[in-house]
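Participant: Provided herewith is a single structure, encoded as structure tokens, for subsequent inquiry.
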Amino acid sequence: MSSAHYQALEPQTSDEDNEDIERRHHQSHSRSCTTNTTATHPPHPMVRKGGVARRRCLLPLLGGALFLVAFCYLTLSGDTRLALGLGGGSEDSEDGSHHGLDSMNFRPLNETVHICSESYEDRRQFMQDKPQSDYGQLPVIYFVTPTYPRREQIPELTRLAHTLLHVPRLHWLVADDQEKCNDFMDTLLYRFGMPFTHMVSPMPSKFRNEKPAPRGVANRRAALQWIRQHNFTNGILYFGDDDNTYDLRLFSEIRKTQRVSMFPVGLIADYGVSGPVVRKGKVVAFLDSWVAGRRWPVDMAGFAVNLEYMAQYPYVNMPYKPGYEEDLFLRSIGLQMNLIEPRGNNCTEILVWHTQTKSKKLGMVRLESKYLDDRSNLGALLHNLKLMGVTSTTESEGRNALISKNGREKPHSKILS
């Protein structure tokens, strides 16, 4: 993944040219000031000697400093100025127009997309008590799920899948934050029988030690690149995390998106909700407990985008800027307030919840390898759990695994031999 941070415009002179120009300017200015203080302007008897000359020497310096400040302000991108507390210039217009957001601010995606497995076949016969053929005219929802290896990964994807199984005309994009493909996940996704693409999209190493790290960005960027490579312009894009809870009505709502639709998300930060403020059927502002200069202070699960609309913006992007991913993505597609379509009964209903599973360290079971054969189920069970990233086995670490019968711990040899 290439870095997508905004960059300031650089002056067109080289470093050597700048140093030479500065040196000549300084020498000329020094001579001018020296001449002024001696020959050209003798001191007035009522004025302290050198006072006028010093003020005259300071005027060009002050003017140069003001010019430098103005130059730096104008060449900084709007988002850099925003982060420095300098305001966004023309980008802060009331209507949300983005005159300054062009190719100099957003770079086109150039990701390496590594596909592990995918299937365009929908093997589901019925969805919501209707045959698959009844849904043939609906636009496809491209449901992007960023995920990463952890103890809860497979359970969370399994739970999410059993929601998505009820949604017709959906292609599930699962982007995993690791270097190598996971064969167990390939098998799992295929077993669900819905169209899917499984890709690996690791976070660039230079971001891994940042606090906070831009989690999920590499995954979503890879999915955006996949959509762009396939030139899909008919369908709906939605970013759905693997630990959220989704009302099935959400999918019917976002499928009607013409440009960008928005809706409130429950269980967000201090207020327990994040979403648009709607008056007379129009989005006019936002309710969120963390604004931080974001023009679009919404959760990643709180909006959907029509692909035909998104295709108009060649620099669609999601920079590696923690906390600002949603805001900068929506800026990159030229969003304006009057384009937003409120969903969820004018944003009065919660159709998606930002639930989170409590994460724990990888489990460890101490058990001699000789007991992991086919004499019991434990060998196959613990092997599968290891493939899922849930637990592992050891012969030396920690306390021996507890195996009990009739309420009492029994030696492994007595039960497993």
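Heads up, the Cβ atoms here are built off N, Cα and C, so glycines get one too.
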Participant: Quick one: which of 82-102, 397-417 does TrEMBL have down as region 'Disordered'?
Facilitator: 397-417
Participant: Please work out the helix, strand and coil residue numbers for the compositional bias 'Basic and acidic residues' (406-417) from the DSSP assignment.
Facilitator: 5 helix, 2 strand, 5 coil
Participant: Counting across all protein chains shown, how many other Cβ atoms sit within 10 Å of the Cβ of E326 (active site, proton donor/acceptor)?
Facilitator: 20
